[in-house]
Amino acid sequence: MPVAAVRGAWMGLAHVTGGTVRKVSHVGQDLEPEHRRDGAGLALIALAVVVAAREWWGLAGIVGEVTHAVVAGTLGRVGYALPIVLLLFGLHLWRTPREHPATNRMAIGTALLAFAACGVVHVSAGIPEPPAGADGMRAAGGIIGFLASSPLEAAVSIYGTIPLLILIGIFGLLVLTATPVHEIPDRLELLRATLLGRPAYADEDVTEEVPVKKPRRTRSKGDEPMVGDEAYEQAAIVDYEDKDKPRRGRRATALPAETDEGGPRPGEKRPTAPGVLAPAAKAPVEQVKLEAPPTTPLPQRVEQLSLAGDITYTLPDNAALKQGAPHKERSEANDRVVESLTTVLDEFGIDAQVTGFTRGPTVTRYVVELGPGVKVERVTALSKNIAYAVASADVRILSPIPGKSAIGIEIPNPDKEMVCLGDVLRSRVARDNHHPMVMGVGKDVEGGYVIANLAKMPHLLVAGATGSGKSSFVNSMITSVLMRSTPDEVRMVLVDPKRVELTAYEGIPHLITPIITNPKKAAEALQWVVREMDARYDDLANYGYKHVDDFNKAVKSGKVQPLPGSERVIQPYPYLLVVVDELADLMMVAPRDVEESIVRITQLARAAGIHLVLATQRPSVDVVTGLIKANVPSRMAFATSSLADSRVVLDQPGAEKLLGQGDGLFLPMGASKPMRVQGAWVTESEIQEIVGHVTGQLKPTYREDVTVAAAKKQIDDDIGDDLDLLLQATELVVTTQFGSTSMLQRKLRVGFAKAGRLMDLLESRGVVGPSEGSKARDVLVRPDDLPTTLALMRGEDVPQTDEAFDNEAEDAGAGYHQGDDAGQSAAAPQPPTDRYGTDAVGADLDRRPQVESWDDDEDDSEDAWELTGRR
């Protein structure tokens, strides 16, 4: 009976204790994850206080004795450092209020380090054993020290135990600090520079700290790669490195599997297979405190300019570009969209699963994988239903995602993120590329940094409606070049017909001419670029090089020397970047000259180091002509106003569905499908600071022949700005031998008033005869005389060896050359008055009575135009 009573009492006590523990654990599970981590951190700090009070200050009492027995018996003398470790871990839990992968890594590294330290202390104390007494174990390395040193001492003796324990400790320290072995020199250099108070860069090569010499210019002779050695060159580069490291926004976020408690939703027609990912809409999403993305400062390069031997040009400080906000990886809105997408697929009976998503700055791409035998068209046909379900009109379906057997559904984020240019240029992919023409584009839909090499594009067309981010993209491009290049590496020609977009860059030393705002001077500048291109190609041909980069390397190495007897000083050619901010204005003023120059530049200028960037907010077919578009392989399309504009820029739809404010589709040369990116943003204050830095060091050296038009002969004042149309009309009338105003309207696409004015100019210059009512005018110039007539209209001198002139002179007789008609101008041949002899029909008409002609200028005449009541 007493045994049964004791057993019952014991079972009752166990039941009460178990219930209490379960109740407490259940209450603990209801707490927010942040509160649980805060409580754990507070508990560690409290434990650190108790251990320090006993081990450091000899706290008496039962708690102190128990604490000393546990700590000293387990760790020995190493236990004196336990309070510091507990304190640091508690602070770490407070600073990172979410599950962080570094916590487990730090715990493993600390355990390895403690294990090695206990072993070394135990060996130094003579390796006491437990039978010797507890005091001996506490004065050495404790139980852990005994377990760490005794087996090794028995296996490899004491001389092998110490090195092995030291190696274990070093490995633990590397794990604790997240330092791979190959990065130890960089970390030591960083520590040394930090102690000395100088900035250092962990990812930077030591050779990059040398002021003048750069890594890409220190190759030995004969090892330098020639341009064209690479089989394929990419114009755009996306930051996809460090796949195994946790990066925010890089990998698709996997959706948690559905728990056993949650059954299928109403209307679900198929069971969820084990391991299939489903939306976690019921689980509350913890509030995430984000950290800034890890970036490294830009290396401060110092360049010695060749244009002035006593001037040292330094690139702008990377602190001028501000750091952006941290990137979000997941939010409650993403889980709601996943649930909505799954519901739409279930309602329409489509065997497909939403397996994850990748969140970008502006949009999130949701990955949908199809079941066997399901057509892709069944999902793409639901674009409007999906837009209705997620309450967003801007839904873009990508089928398939490049490189994946899945469909991407891109839906705008309700909380957009700003992409700062400083983050893009400080990214690893930008720092690893030392080319001076590299620009920061922005971030892609997966959160990766995107850069582009303007030298490999080689020309770029930027188009978008007002407010779409086109001007911000141009500013980011120019600022990137200023941050990475010196004036002897890159020179610029900026064309700004709007007069307000590029004025912030006035006076930078990279300019080769002041910012051009006059469209006529812009056309002349493009013609100068063509002449510069021809001059560069002459040098490349004379010295046997195919690209300006190879020519510049040969010049710097002394392989290129002037020809014998020449006083020319051969210098390397800098890259020439031509930026036209508004192409439509140029095409309105001088369409023929502008298009001809652009086509020649885009067709030939790549190897000469000349690169063209054309920007316009009106991408219509009369602005971006077929010839221009065919020779500009890289495109950047921001939000357009219509589907037709998107097809003009990208040759495919998509730009009309963009969100604006930097959301764009980037199609670099060689890419089959455009890449959706969020363009980088640079503020006006950042631009002013960078421009102030570069202008404070050097003043620009302008070329005076850039905007100087070629010498032209004086043309008649009555022609005015209609010379091009008059030349076309002359050629049309003379070649067809038909002088009609209506024909000029149709062929030249001008109005009646303009066609009438052109006909009057032709009459005043002897090309056509006077008006004969509704009949066509007589053409007085033969097709053989057309070149002479066109030259006279341009104000040019007629060559004396002109064949048409000689023929006309022979018809006029030898007396013309002997001075018989010295008073008559020899500039234009006059039509003979009696070329066809006596006109019998005309003489007969003169004898008949003539009908009085109607004069429109008479006061009493009726004008049909006035009868309409319009003036």
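Note: Cβ is positioned from N, Cα and C throughout, glycine not excepted.
Taken from TrEMBL, the feature ATP binding site covers Gly464, Ala465, Thr466, Gly467, Ser468, Gly469, Lys470, Ser471. The compositional bias 'Basic and acidic residues' annotation in TrEMBL covers 262-271. Taken from TrEMBL, the feature compositional bias 'Acidic residues' covers 853-865. Sequence annotations record features per position, and here TrEMBL assigns domain 'FtsK' to 447-647. What TrEMBL records for 206-227, 240-275, 810-871 is region 'Disordered'. Per TrEMBL, transmembrane segment is recorded for 39-57, 77-94, 106-127, 156-178.
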Task: Long-range Cβ neighbours of the transmembrane segment (77-94) (under 8 Å; 6 or more residues past either end) - done: 37-38, 40-45, 47-49, 51-52, 55-56, 71, 103, 106-107, 110, 114, 117-118, 121, 138-142, 144-145
TODO: Pick the one among the binding-site residues Thr466, Ser468, Ser471 whose Cβ has the fewest other Cβ atoms within 10 Å in this structure.
DONE: Thr466
Open item on the list: Within a 10 Å radius of its Cβ, which of these binding-site residues (Gly464, Gly467, Gly469) has the fewest neighbouring Cβ atoms?
Closed with: Gly467
TODO: Among the binding-site residues listed here (Ala465, Lys470), identify the one with the smallest other-Cβ count within 10 Å.
DONE: Ala465
